[in-house]
Structures are given as C-alpha cells and as structure tokens.
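Since the structure comes first, as structure tokens, the remarks are kept for the end.
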Amino acid sequence: MENGGGGGKSDVPADANEHCPGTQSEEAGKADACAGCPNQQICATAPKGPDPDLVGIVERMATVKHKILVLSGKGGVGKSTFSAQLSFALAEMDCQVGLLDIDICGPSIPKMLGLEGRDIHQSNLGWSPVYVESNLGVMSIGFMLPNPDDAVIWRGPRKNGIIKQFLKDVDWGEIDYLVVDAPPGTSDEHISIVQYLQAAGIDGAIIVTTPQQVSLIDVRKEINFCKKVGVPVLGVVENMSGLRQALSDFRFVKQREEGETDATEWALNYINERAPELLTMVACSEVFDSSKGGAEKMCNDMGVPFLGKVPMDPQLCKAAEEGRSCFVDQKCSASAPALKSIVKKLIKTE
C-alpha cells in the first residue's frame, strides 16, 4: 500500500495522489495534494491519529474469538439474509454467536431475526444484546428507532460514533463468532469498522454478490478495498444463483391480450393426471446472466476463495420475512444445503 509520492508511508493508498499526507494525518483529505484524489472525501471524514477509545474496543473484543465482516458491492444482493442465516447456522452448531448490524441507514437484521419491536437494555456491564436464543445475540440501530419507518439521516462522523459505541459498549460476553453485517459499498462505515477491528484482530471478510457482471464489477472494488486496508477475504458467495423451486409451488397464468387469468388449479390437475412424477421435481431457471462465468471465475481471476453458490429459493425469502432460520425444517430444501456447505468451508478456512 505504499505510494512513491507519500514518502514510504504505510497508510498511503495505492491510488493516492503524489505527496499524499497519509490517511492518519490531520491533513488527510484537506491538503492541497488531496485535490482530485478518489479517496479525498473518505479520508477527510475518517478518524485520524491514535483513537483513545481503541483500548476500550480491544478490551471488549478480547472475549470474541472470531470476527467476520459480511460485505457486498451493491445493495439488494442478499447480504443481510446471508448474515442472518450464517448466524443461525453457527448458533445451531452450538457456537456462541453475536450479530452486529452496522447498516445504519438500512437496518434489516431485526426483521430477519424476528426481533422487531424489541428494545436494548443497559446494565453496569454495558448494552445487552437482544437475544434470539441463549447463544445468539443481536445488536442493531434498528432497536433504537422509536418508529421503524424513521429515516436515519446521519453524516459520517455520527455513523462512526455509533459503530464505535457498538464495539466498545455492547456486552457480548464470551462468544465464538461476531458476524458484522455492513452496508453495501465502501464508505465511512467500512473504514471505521476495519480500523476499530484491526486493532482487536479481525479474521476477514465474506463478500456476497449475484452472478451478473453489473454486480461483479462492484465486488471487484470491494475485494480491492479489502486488499488495500489489509482485511483477508475469506471468500465470495454467489447468491441468487438461479431459481430453484418445486414445480408444485409455481403459479400458472394464461396470457391474453386483455390480461392474465390464473390457471394454477387447472395446470396442477393436468400435470397430476398425466405426469404426477413431475410434481416431485424442482424446476431450475437462470434469473441473472452468468454466461461470463459468474463469481467463481472472478474469484479465480482475482486469487480469492470461492465459497459457493446459493440458489434463489422463495422459501428462503419467506424465512427471512418471517425472521426464522432456514435450517429448522425441510422447507428451504434448495438453499439450506448450499448454505450449510458454505458454513462448513468457512469454518475450515478459519
């Protein structure tokens, strides 16, 4: 990460301008040399110099064995769904798990864990997580909003402040895994969480994407971000990798010029009478274009691990909407095995 114009400083990004003062300098983002630099805005708002709260964060994080970031280049790729189901999976393996939601402007984790309307409680040890099970605790800005429809309109420093408070003041106790669900992209929140967790020891990041190039373009940026800030990429997950759905769960329509009419009952009866074995089969369809090789090829090109594919499963979407684990029954038969395989790979990587 050194830059020839930065005098050999280790905190100079590779794409920085000549004479970069370094990301930890008080002049970062403000010096004349910063004009036009792609990192200028981020450097100007990021915390500078030694942070006195880092000692408190390191002490608090000392009881957490593994710290994993879940990232995505774009929103809407299923990152929070993956974070939630990863946490459920680890908890069902008898691990002690914490799930920290730092997506300040779009906190969806309370919904996906079935914890809407719950409040945070405080003790002499700090903020207590909200628990789904005795071994799965959750913390999110969503628990602090008086109305779930309220918009969080905060600038970078205030977002950084609440992230720091989550890391410093939440009493997780002795846990095996802390899963951190980050917002999409590379912004102030990402720089802050990396700076704070690096001091305490971070295992690495999982990056979630969908198969098409418009998503992978931004994932490449996310991977390069991790490389620049020194966060190991534990692997990439290709989510929504083709639709998998039992034929019996499909809805059928007849399309006419005047509009659609439902033909589900007729179609299922027809199939049941003439080819009943089809009703036990799963229909597969490519939703996103993966003709360029998808996430797996990108991982090979960039030298990062590929953790696997998770199909688009309507039952998984329903589980997320209802705030429950996809592993407790057989409903998520298309997605649950894929997710379990990814979790096993992740634990081996760890």
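Just so you know, glycine gets a Cβ as well, placed from its N, Cα and C.
The [4Fe-4S] cluster binding site annotation in TrEMBL covers Cys20, Cys34, Cys37, Cys43.
The ATP binding site annotation in TrEMBL covers Gly73, Lys74, Gly75, Gly76, Val77, Gly78, Lys79, Ser80. Taking Cβ-Cβ distances under 8 Å and a sequence separation of 6 or more, the neighbours of Gly75 (ATP binding site) in its chain are Gly106, Pro183, Pro184, Gly185.
Feature annotation from TrEMBL assigns region 'Disordered' to 1-25.
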Beyond the site residues Cys20, Cys34, Cys37, Cys43: chain residues whose C-beta lies within 8 Å of the centroid, for [4Fe-4S] cluster: Pro13, Ala16, Asn17, Pro21, Thr23, Ala28, Gly29, Ala31, Ala33, Asn39, Gln40
Between Cys43 ([4Fe-4S] cluster binding site) and Val77 (ATP binding site): CA-CA distance (Å): 27
Other residues, Cβ within 8 Å of Gly73, Lys74, Gly75, Gly76, Val77, Gly78, Lys79, Ser80 Cβ centroid (ATP site): Ser72, Pro184, Val208, Thr209, Thr210, Asn239
Cβ neighbours within the same chain of Gly73 (ATP binding site) - under 8 Å, at least six residues apart: Pro184, Gly185, Ile207, Thr209, Ser215, Leu216, Ile217, Asp218, Val219, Arg220, Lys221, Glu222
Euclidean distance between Cα atoms of Cys43 ([4Fe-4S] cluster binding site) and Lys79 (ATP binding site), Å: 26
Packing count at Lys74 (ATP binding site) (other Cβ atoms within 10 Å of its Cβ): 18
